[in-house]
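Pulled from TrEMBL:
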- 249-379: domain 'GGDEF' (DOMAIN)
- 6-24: transmembrane segment (TRANSMEM)
- 36-56: transmembrane segment (TRANSMEM)
- 62-83: transmembrane segment (TRANSMEM)
- 95-112: transmembrane segment (TRANSMEM)
- 118-139: transmembrane segment (TRANSMEM)
- 151-169: transmembrane segment (TRANSMEM)
- 184-207: transmembrane segment (TRANSMEM)
Amino acid sequence: MQLNVQTLVVVDIYVLMLVGLLMLHAWRRGRREATLGYLAAALLLGGLGTLLGSLRNLGIDWLPILVGNVVLHVSAALSWVALRVFAGRRVHWPEVAAGGALWALLCLWPTFYESQALRIQVYSLIAVTYTGLGAFELWRSRRQLEVDVRPALVLLLGHAGFYCARAVLDHDMPFDMVSTGSSFFSLLVLETMLFSIGIAFVTLAMVKERAELRYKSAAMRDPLTGIGNRRAFIDAAERLLADCVRLRRPAVLLLCDLDHFKRLNDHFGHAAGDQALADFGRILASRTRQQDICARIGGEEFVCLLAEADHGVALALAERIRQEFAELPFATGGQLSVSIGIATAEQAGYDLTRLLSLADQALYAAKAAGRNRVEAYRPDSR
Ligand SMILES: Nc1nc2c(ncn2[C@@H]2O[C@H](COP(=O)(O)OP(=O)(O)OP(=O)(O)O)[C@@H](O)[C@H]2O)c(=O)[nH]1
């Protein structure tokens with residue numbers, strides 16, 4: 001198949017600019033997510049660098065050879081920066097400038113400036129380095145990122161592989177894209193175009209996926225205590241109870257209500273009340289295991305569904321939580337306490353609504369018996 005280099009270069013510039021502008025738009029619309037901003041800059045500079053690189057045979061070779069390539073190296077560096085920022089790391093500007101600076105310095109050396117083969121090899125080396133760094137950023141952060149980074153890794157490694165091949169195979173082919181061109185050069189332009197579209201698409205998808213995960217997680221979290229809210233609890237508890245039925249495992253619910261909380265608010269203000277809520281949430285989270293489901297389901301009402309725990313274990317844990325909270329020194333100087341009601345999933349027939357209701361009856365009994373105590377649900381108690 002014959003690829004017309006001139007046409008490809010024009011299409012390449014057009015595509016890079018267009019995708020760059022679309023990325024800029026996505027950045028502006030998407031709460032100015034830095035990853036998209038850096039990628040937009042990389043794409044636009046890629047288009048500009050390719051445009052400058054195409055200005056051959058005009059008697060101003062320094063423009064394509066020096067300026068055009070420096071711009072392309074900065075563009076490659078910014079693609080790396082986009083992925084680095086996505087992985088939560090800071091930008092290292094000296095490294096961003098290093099590729100272009102190295103190129104500019106080498107251009108002062110006539111042997112390099114006049115050797116097509118040498119320039120191709122150094123260009124490829126810099127391109128492989130920045131692409132490899134981008135892949136490395138994603139690879140080392142793949143677990144924390146919580147999104148699928150594999151498509152991006154495949155693209156980056158393919159791109160780096162292409163430049164490795166170019167360094168080996170494209171020694172002395174003319175770089176004069178406007179007149180002669182080379183078959184490898186046509187492939188290069190084509191590959192750059194496809195890679196740019198691909199990396200823009202997968203990066204946008206990763207950014208969007210992560211934003212959705214963050215919104216979802218924020219919607220399920222109680223901002224004051226950092227533990228789950230009622231909605232998160234209902235979802236997770238229903239799943240846990242279904243697992244308990246299937247695997248014939250026990251579960252116990254603790255329903256906790258801070259005592260005389262209104263009095264604390266009225267005497268010491270809402271900020272003191274908030275502090276007490278945050279302290280209790282912290283105790284609950286630190287005393288329970290990862291598989292337990294803890295949440296703040298109302299003003300001063302907390303729950304904890306203990307997975308694979310029997311009645312005795314739950315009772316001991318509730319007692320420890322009650323005691324720890326009662327011993328906590330408060331900034332106000334006063335003392336606070338919590339009442340806790342307990343019911344087992346078995347008593348409720350593994351039905352969440354009923355389980356909450358039984359634990360509530362036990363809690364009512366704890367309040368009625370003087371507060372600052374733990375009561376377990378007893379079928380004969382009401
Ligand atoms: N500071 C603060 N107070 C809250 C929050 N949510 C609910 N409250 C307050 O919690 C108090 C709950 O009062 P009550 O339901 O009467 O319960 P109580 O005073 O703890 O009494 P008992 O439960 O019977 O011991 C109310 O004054 C609410 O305004 C919150 O997010 N922060």
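A Cβ is built for glycine as well, from the same backbone N, Cα and C atoms used for every other residue.
With respect to Cβ pairs under 8 Å, the transmembrane segment (95-112) is most closely packed against 62-83, considering the stretches 6-24, 36-56, 62-83, 118-139, 184-207.
Sequence-distant contacts of the transmembrane segment (36-56) (same chain, at least 6 residues past either end, Cβ-Cβ under 8 Å): 9, 12-14, 16-17, 19-21, 23-24, 26-27, 30, 63-64, 67-72, 74-79, 81-82, 85, 176-179, 189, 192, 196, 199-200, 203-204, 207. Distant neighbours of the transmembrane segment (6-24): 36-37, 39-44, 46-47, 50-51, 54, 177-178, 181, 186, 189-190, 192-193, 196-197, 200, 204; these residues of the same chain sit at least 6 beyond its ends, with a Cβ under 8 Å from one of its Cβ atoms.
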